[in-house]
Ligand SMILES: Nc1ncnc2c1ncn2[C@@H]1O[C@H](COP(=O)(O)OP(=O)(O)OP(=O)(O)O)[C@@H](O)[C@H]1O
């Protein structure tokens, strides 16, 4: 369902007439229609009482001295005469109603899609009522109006009274079926639920009054039983249960059926729950998570720049010929004959597919990779021998004039617009110029690496932009970690729409490494909480959970809530892992292993794809990997487990793998001003009161309430205390430096010092306060502790 909704998002042109009016004009026109509808309403009402008096005056309309009795004077009398007398009679009230609805739509700027339908059905209903009331036109001409009377009369001439009646009945059925989804089952259901609620009300009232008279007990049993059987005739196992439920107060002698009854009770509860949910859905509709920001407008396409690309790629025939000849002659030099050669032109590279003559060994061509690259004298040549599943050999040669793949073109593509995915990402275009769209929810986590300046940040922006164009703020939340402090700041503007943060933090975009650790741990708590909810709801993943929640089968009073997807983006992972090591690696590995089912997805980018940054445990849990250009073959292997990323040409040229196949893509280009426009567009709309709040996590560093056992203290505890007190500066890095300890051990000692009351609590980026003034006081404190 959600998918369907996202499909019909107003992305660009599909807005009907509302597109032609500015906001101000809509408000003005809306108010005009509302005022007009009120005037019509009062005119019509008043006309009912004054029409006979006013009729003679209609011919003197131009005479200023003539006065009508209608509340709206001559205007009221004239227009009511037109609509009610000459028109549709009582049914004319539909017009002020329709005008008021249209006016409200325009005034409030609502999506005007359903409006035409309302008018059509309104007019059909008006004619139907007017023709039906035409039967009484002789006695009461105002009921059906002239049109109703004439039409009724006309039909009667041909079909007679009964014919007209049957015709009207048939039209009524059409209206009910089309408009209210009327069906025989629907009617049966309606009566069933009505009966049910009457019965339960009846039972409730019965159980409230203490049973005292035997006679009355028997009577209630008798009346109860047939109702129960009636209600569930289609389910044989239920009636005995209801019988019991109705009887269990009254008939203790049926105790021997105890076990069977218990089993059945469970089924009944479940049924009742479902029925309740169905009733709720019927009364209030499905739960709509988007309702709180119901007027949210998705960013329009024209915020994105076409970047000069007219859409297609220009084919340079000369260049193609030249490259082909060079490939053929190079291979000829090594005595490799070619049976066939074919070129596929992409935005940045052209793929030459070669079918070698029979008997040529593929390994021979593979070994010639460097020689071919040399003779083609071009940067970024990649040889794929053989192309998986094709039996040909591919040589990718960069185009002299690369075409920029604009984000606009990929977002506008059919493939993205129609993508039936949970978290669709339009990455860019493949070598055969097809838009490449993947589902982040299926990846389920992504590792992105590449040397500096090769397009990582643009890639991250492309990912975030794709999601912003497809998802409502209620459906996805981002946690942005930006140790470089400049790359992701633009997203600050959408903090209250799309970002998630820790409850006590001011900034939603995390730039401080300590906060990252807290956030990651908080995400782990969120993950555990979500698993608990999934368990309670008896579903396997977030998608099923949200479907169940939307159909009101999960009670918010039991802690259930709509769960948005959470996407964690870390722009520079190397920096984090270097400073925090295991403290970051452990929660990330945990999240990566477990978070896929509950809608938490990680995207990690790094400039330094070395093995101590992308450790085995991280790599094992990130099947989707993206490599922009890197400087060495080793780096390429670290990211992709294959070489090739070292031969890319940069500027968004990238390799993508989600397992075995490696796909070469040109990443879509989205520039900072475009991102800025998008975030401004979203940021200027009504938002939630705050960013999405993650569960609270009390980090080890904040240390509140940590009570360390004195005997458990680190061997260097005393030395560290002396260093801190002497320097009067409570920082872990000081201990690290002076005592040559690792980050983690120093952190632990600081916690112990805090527990001992030597340093104050964690104060963010500032050093902690030292609570002991000198070495002498420290001695005393430690002595007292021992006692
Ligand atoms: N997909 C693309 N198409 C065209 N040009 C691109 C593309 N991606 C990046 N570029 C060019 O490369 C430049 C650097 O890109 P980007 O800032 O994304 O690199 P980076 O890898 O994030 O660098 P750093 O690691 O230093 O932040 C961009 O300013 C842009 O000119």
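Here the Cβ of each residue, glycine as well, is placed from N, Cα and C on the backbone.
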Range among 57-77, 162-182 that TrEMBL annotates as transmembrane segment:
162-182
Starting from the Cβ centroid of 450, 451, 452, 453, 454, 455, 456, 457, which together make up the recorded ATP site, report each further residue of the same chain whose Cβ lies within 8 Å of that point, ordered by sequence.
607, 628, 629, 650
Other Cβ atoms within 10 Å is the metric here; tell me which of the binding-site residues 450, 453, 455 scores highest.
450
Within the domain 'FtsK' (433-637) only, compute the mean pLDDT.
89
Under a criterion of Cβ-Cβ distance under 8 Å and sequence separation of at least 6, what residues of the same chain contact residue 456 (ATP binding site)?
448, 449, 450, 571, 605, 607, 628
